[in-house]
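Peer 1: Quick one: structure below, then a few questions.
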Amino acid sequence: MFGFLKKVADYTRDAADAANYLIQGLAVTFDHLRRRPITVQYPYEKLIPSERYRGRIHYEFDKCIACEVCVRVCPINLPVVDWVMNKETKKKELRNYSIDFGVCIFCGNCVEYCPTNCLSMTEEYELAAYDRHSLNYDNVALGRLPTSVTTDPSVQPLRELAYLPKGVMDPHDVPANQPRAGQLPAEVLKSLSLQQDSLQGDEGESLQDAPDQDQPKG
C-alpha cells in the first residue's frame, strides 16, 4: 500500500515538474512573440549599414604616397606596399598595393592614420568567396567603387537593426509594431521632395506679396 502511494506521489511530482518546465518554455516563447524579429530574409532582404560601418576598404592609387603608415599601424602588418625609389626625383614610386581581406580584421587603423586619405571604409560587406586567394585584393580591385543594396530591384533594403530610439540600449525593448529609427532611401527622397515643395511654395507666396507692398496706398 505504501509503495503504491509512493509511486503516485512520485508520478504527481514528476507531472508537476514537467508542467512547470512546459510553462517556463511557453513563457519564453510568448515573450519573444512580442519582440521584433532580428533576422532578415537574406539575400532577398538586405540591411542598409550605418554610416560608420567598417566594410570593404576602398583604395585610391593616385593619392597614395607609399609612406607605409598603414603597414605600421596595422595590428597584423597586412597591407603590402610595393614601391621603388626613383633616383632622378628621389621619391618613391608606387608599383602595387594589396590587402588580403581573408586576414583583415577591419579595425580601420589604416584608414584613420592615412595622411592622404587614400583609404576609406565602405558599406560593402558581401565578401564571401569560394577561394581564399581571391580575397587578396590588389590596387585595381581595391579601387572599385562599392556596390549598393538599394540599386538592385530584386532586393528589399531594410533599416539597420542598430538604429534604436534615443535612450534605448536593448533592441528587445522596442515593441514589434513600432517603426525603426532612421529612414529607407525612398522615405529620404520623399521627405526631400516635400521639403523642396514647401520651399517653392514659400518662395511663390513671397513673390506674390512683394508687388502688393510696392503699390502706393490710396
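Residue numbering: from 1, along the chain as shown.
Cβ coordinates come from backbone N, Cα and C, glycine included.
Quick paste from Swiss-Prot:
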BINDING   Cys64, Cys67, Cys70, Cys114  [4Fe-4S] cluster 1 binding site
BINDING   Cys74, Cys104, Cys107, Cys110  [4Fe-4S] cluster 2 binding site
DOMAIN    55-84  domain '4Fe-4S ferredoxin-type 1'
DOMAIN    95-124  domain '4Fe-4S ferredoxin-type 2'
REGION    192-218  region 'Disordered'
Peer 1: Which residues, given as numbers and ranges, are at least 6 beyond the ends of the domain '4Fe-4S ferredoxin-type 1' (55-84) yet have a Cβ under 8 Å from it?
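Peer 2: For the domain '4Fe-4S ferredoxin-type 1' (55-84), the nonlocal Cβ contacts are 49, 92-101, 103-107, 109-125, 127, 139, 142-146.
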Peer 1: Can you grab the distance from Cys104 ([4Fe-4S] cluster 2 binding site) over to Cys67 ([4Fe-4S] cluster 1 binding site)? Cα atoms, rounded to a whole Å.
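Peer 2: A Cα-Cα distance of 20 Å.
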Peer 1: Return one of helix, strand or coil for Cys110 ([4Fe-4S] cluster 2 binding site), based on DSSP.
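Peer 2: DSSP call for Cys110 ([4Fe-4S] cluster 2 binding site): helix.
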Peer 1: Which numbers of helix, strand and coil residues does DSSP report for the domain '4Fe-4S ferredoxin-type 1' (55-84)?
Peer 2: 8 helix, 8 strand, 14 coil
Peer 1: For the binding-site residues listed here (Cys70, Cys74, Cys104, Cys110), tell me which residue's CB has the most neighbouring CB atoms inside 10 Å.
Peer 2: Cys70
Peer 1: To the nearest Å, how far is the Cα of Cys107 ([4Fe-4S] cluster 2 binding site) from the Cα of Cys64 ([4Fe-4S] cluster 1 binding site)?
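Peer 2: For Cys107 ([4Fe-4S] cluster 2 binding site) versus Cys64 ([4Fe-4S] cluster 1 binding site), the Cα atoms are 20 Å apart.
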Peer 1: Between Cys64, Cys67, which of the binding-site residues has the fewest other CB atoms within 10 angstroms in the structure shown?
Peer 2: Cys67
Peer 1: Within 10 Å of its Cβ, which one of these binding-site residues (Cys107, Cys114) has the largest number of other Cβ atoms?
Peer 2: Cys114
